[in-house]
Amino acid sequence: MKRYLFGAVALMSLYACQPLEKQDQNLKKPKLVVGIVIDQLRHDYFERYADNFGEDGFKRLISEGFYNHNTHYNYIPTFTGPGHASVYTGTTPATHGIIANNWYDKNIKTSVYCAEDTSVYTIGSTSEAGLMSPHRMLSSTITDELGLATNFKSKVVGISIKDRGSILPAGHNPTGSFWYDKSNGHFVSSSYYDHEELPSWLQDFNNRNLADEYLNQTWELSMPLEEYTQSTADEMPYEMKVRGKEKSIFPYDLKALRAENGNFGLLPNTAYGNTILADLAIATMEGEQMGQDNITDFLALSFSSTDYIGHGFGPRSVEVQDTYIKLDQEIARLFKHLDEKVGKGNYLIFVTSDHGCAEVPEYLQANKIPADHYDGKAYVKNISNALNQKFGEGDWIEDFSNEQFFLNHDLIAEKNVELDAIRRFMVNEALKLEGVAEAYSASDMQSTEFTEHKASALQMGYNFKRSGDVLLILEPGWFYQTRSATTHGTGYAYDTHVPLIWYGSGIKSGRSYKRQNIDDIAVTLAHILGTNLPNGATGEPIEEVLE
């Protein structure tokens with residue numbers, strides 16, 4: 001008996017010592033992976049709104065799934081484009097190259113958008129909404145690697161209201177990538193994907209004119225106003241003003257408001273933006289017959305309306321709380337479809353966010369907590385004046401964006417000024433600006449390996465070819481002057497700390513408070529799916545998820 005017991009223990013020990021690549025062979029591959037990114041989902045929302053959720057949506061996800069509570073973005077800046085790219089590439093902007101939503105291109109001396117591509121044309125509309133592709137993303141995604149591993153027999157589809165929320169997760173050669181066209185309320189694509197028309201199922205979906213239907217509704221509260229105890233008053237002075245409405249308070253009669261607020265462009269700014277995306281998710285799974293064979297498929301969906309509403313009203317608004325109450329119902333609807341059509345235990349879901357967001361500075365100030373806005377034009381003026389006094393008159397700064405200064409290298413060469421000297425001077429001057437905590441030069445980023453959190457995060461977001469000459473880190477609670485109530489982009493916890501929950505095939509219930517970085521997600525998925533790591537991956541597998 002002892003001999004058999006010893007043999008069993010030895011076998012278990014051998015398995016425990018196997019490398020993860022070997023253990024992968026014992027993991028059940030799901031028929032369908034559903035990656036859900038909820039744009040601007042702060043880590044505290046699940047806790048704050050828990051009493052308002054039903055049993056079949058977020059509560060099911062949290063109680064039956066594995067929750068990595070301490071997941072962070074490990075780079076600056078925390079924006080939508082870099083966030084989605086990092087989740088799916090398993091690396092940071094230093095490698096995948098999506099350094100912001102928009103950035104100044106030093107070669108062509110103009111600002112570029114992370115997903116724009118003027119060499120292609122729109123599929124499904126006469127508008128320019130489809131002049132997009134992933135060509136600026138420099139490394140592969142887990143969705144790319146799944147395609148490679150299956151000789152592109154896997155069906156991989158990205159969907160979102162935002163183009164970048166669909167394009168970057170879907171990778172470079174998906175089955176399809178579709179996003180919302182604000183000019184007509186339909187979902188469109190790009191000729192980049194080698195299709196001359198939308199798939200028939202999506203044409204049928206567009207012909208339902210759901211956007212028009214939802215825009216003839218009224219966005220009403222899900223419960224009496226006095227029960228929104230996790231929110232401030234329904235009207236706050238810093239909230240977005242809705243044209244055609246005297247006060248930004250419930251209810252919102254969308255039929256009466258749509259003409260003055262961009263018509264179909266209004267939908268993403270309401271909770272119905274999440275509803276139509278859930279509608280599309282179900283139509284996509286049905287139309288593409290996802291999860292119906294033994295080859296793993298992948299649906300990458302990104303809910304964008306949470307971000308639009310969060311920007312406009314702030315993280316403690318009634319509008320945000322109601323949006324998440326309604327989104328919980330959409331998650332429950334997706335669960336119901338997956339259970340019925342794919343089968344419980346046959347699909348894998350992960351839920352995370354592309355970034356968090358800051359508290360509204362005016363709200364913090366009212367509660368005696370330091371916070372403020374900075375004026376980017378004033379920053380440029382102050383630094384320009386200092387440069388003119390030190391190095392002579394000239395247009396030394398070509399651009400300031402994403403808290404980065406881009407210098408006029410032609411002028412520097414013409415005046416025979418040493419590049420590192422002017423960068424170092426600017427760093428010292430930048431530290432005099434109100435709201436700036438730290439400043440670094442491109443030379444610093446290229447020659448020093450930083451270990452201190454903020455500097456290291458800035459370095460992880462620094463791309464040699466695309467980033468600026470001088471980079472700033474703001475004080476906590478500060479961001480640029482904006483008409484929105486709030487925004488994001490820093491390396492502080494309110495922007496970096498996001499939920500990460502795994503649910504379904506092969507996932508045990510549990511939770512962990514160990515620090516995880518956002519680039520660990522794609523690496524973990526590669527082990528679950530048995531694919532190669534994305535080719536620029538820098539993350540580590542989350543062993544607790546794989547056990």
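Even glycines carry a Cβ here, placed using N, Cα and C.
In TrEMBL this protein carries:
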- THR80: active site, phosphothreonine intermediate (ACT_SITE)
- ASN101, LYS162, ASP163, ARG164: substrate binding site (BINDING)
Taking LYS162, ARG164 as the binding-site residues to compare, which has the smallest set of other Cβ atoms within 10 Å?
LYS162
Determine the C-alpha span of the substrate site listed in the record, that is the greatest distance between any two of ASN101, LYS162, ASP163, ARG164, in Å to the nearest whole number.
11
May I have the list of same-chain residues other than ASN101, LYS162, ASP163, ARG164 whose Cβ is within 8 Å of the Cβ centroid of the recorded substrate site, in sequence order?
THR80, GLY81, HIS84, TYR113, CYS114, ALA115, SER160, GLY165, ILE167, LEU168, TRP179
Give the distance between the Cα atoms of LYS162 (substrate binding site) and THR80 (active site, phosphothreonine intermediate), rounded to the nearest whole Å.
9
Looking at Cβ-Cβ distances, which residues of the chain lie under 8 angstroms from ASN101 (substrate binding site) while being 6 or more apart from it?
PHE79, THR80, GLY81, PRO82, TYR113, CYS114, ARG164
Here the 10 Å Cβ neighbour count for the residue listed as 'active site, phosphothreonine intermediate' comes out at 25
Please list residues from the chain of ASP163 (substrate binding site) whose Cβ is under 8 angstroms from its Cβ, counting only those at least six apart in sequence.
ALA115, ALA129, MET132, TRP179
